[in-house]
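Reading through the C-alpha cells given below for one structure.
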C-alpha cells in the first residue's frame, strides 16, 4: 500500500543541514524564476518570442522543482519517508511529464535562436505569436499521454521483494530495481521514451546550433559575432547541463548505475541545475539586467512615495 523513500537516511546527522540547504534553494528557485516571469510580462523591451519562451521555461522550472522538493523537505523534517502508491505514481508522472516538456521547450528555444540568427529578415513572420503559442502548447501537451501510459506500465508490475526506495523521490530506475519478475519490456519502454523525448530534441538542438555557428562564422564584424554568441550562450549552457545528467540517468543500463550515483545525478538535474538556470539567464543577458534595474528603480520610487 505504500513505499518508503530512504532519501538521505544514511546521513542522519546531516538531516537538518540538508533541510535548510534545500529549503533555501527551493525559495531561491521560486523567487528568481518568478522575477524573470514578471519582467518578461511587464517590460516592453522583453515583449519578444525569445522572452516569451523564457518566461514559459521559468514557469516550467517552478512546476518541476515543486514536484520533488516539497516532498523531500517534508521527509527531512519528519524523518519519515512513507509515501502511498498513488502519491508515488503521481510524483513519477509529473517528474516525467515536466522533464519531457523541458526537453521539447529547450528544442523550441533553440529553433527560435536559429530563426533569429540565420533568418533575421523573416523572424517576425516565422515566429508570430500564433507559432510561439503552438510550439509552447505542443511542448506541454505532447508528453502527457505517453507519460500516463509509462507510469501505468511501471505500477502494473509486482513489488514483492521490498518497498524501500533508495532515492529521495519516486523515479522509474530505482522502482524497477524493486520489481519482481521480468522488467525487460518496462526497461525497453524507458529507453524508447528517453530516445523520443530526450535524444530527438537534443539532436534538433545540435542541428540548430551547427547552423547557427556556421552562420555566425560568416559574419565579418567581430562585434556582430559576439552579440550573436551572447544570445545563444545561456541557452546552450542550460542544454548541456540538463541533457548531460538526464541522459546518463535514463539511458544508462540500470545494472551499471549505483544508487549513490543515481541520487547525485538526480540532484543535479532536479535541483542544482534548476537553481543555476536563473543565474545563467540573468547574468549573461543585458536586456534582463536592464529590466531588473528599471524594476529596482520603480520599487525605490514607490517606496519613497509611501513615505
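We number each residue from 1, going along the chain as drawn.
Any Cβ shown, glycine's included, is placed from N, Cα and C.
Since this is a predicted model, take the numbers as computed values, not measurements.
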Correct range for transmembrane segment (source TrEMBL, candidates 165-188, 189-212): 189-212
Which listed span TrEMBL calls transmembrane segment, if the choices are 224-244, 287-307: 224-244
Annotated stretch (transmembrane segment, per TrEMBL) among the listed ranges 131-149, 245-263: 131-149
Residue numbers, six or more beyond the limits of the transmembrane segment (51-70), whose CB comes under 8 Å of its CB atoms: 22, 25-26, 29-30, 33-34, 36-37, 40-41, 91, 94-95, 98-99, 101-102, 105-106, 108-109, 112, 132, 135-136, 139, 168-169, 270-271, 274, 277-278, 281, 287
Same-chain residue ranges lying at least 6 outside the transmembrane segment (90-111) that approach it to Cβ under 8 Å: 50, 53-54, 56-57, 60, 63-64, 67-68, 71, 83, 135-136, 138-140, 142-144, 146-148, 150-151, 154, 169-172, 175, 193, 197-198, 201-202, 204-205, 208-209, 235, 238-239, 242-243, 246, 270
Positions whose Cβ lies under 8 angstroms from the transmembrane segment (264-283), at least six residues beyond its ends: 22, 25, 28-29, 32-33, 35-36, 54, 57-58, 61, 64-65, 68-69, 95, 167-169, 171, 234, 237-238, 241-242, 245-246, 248-249, 289, 292
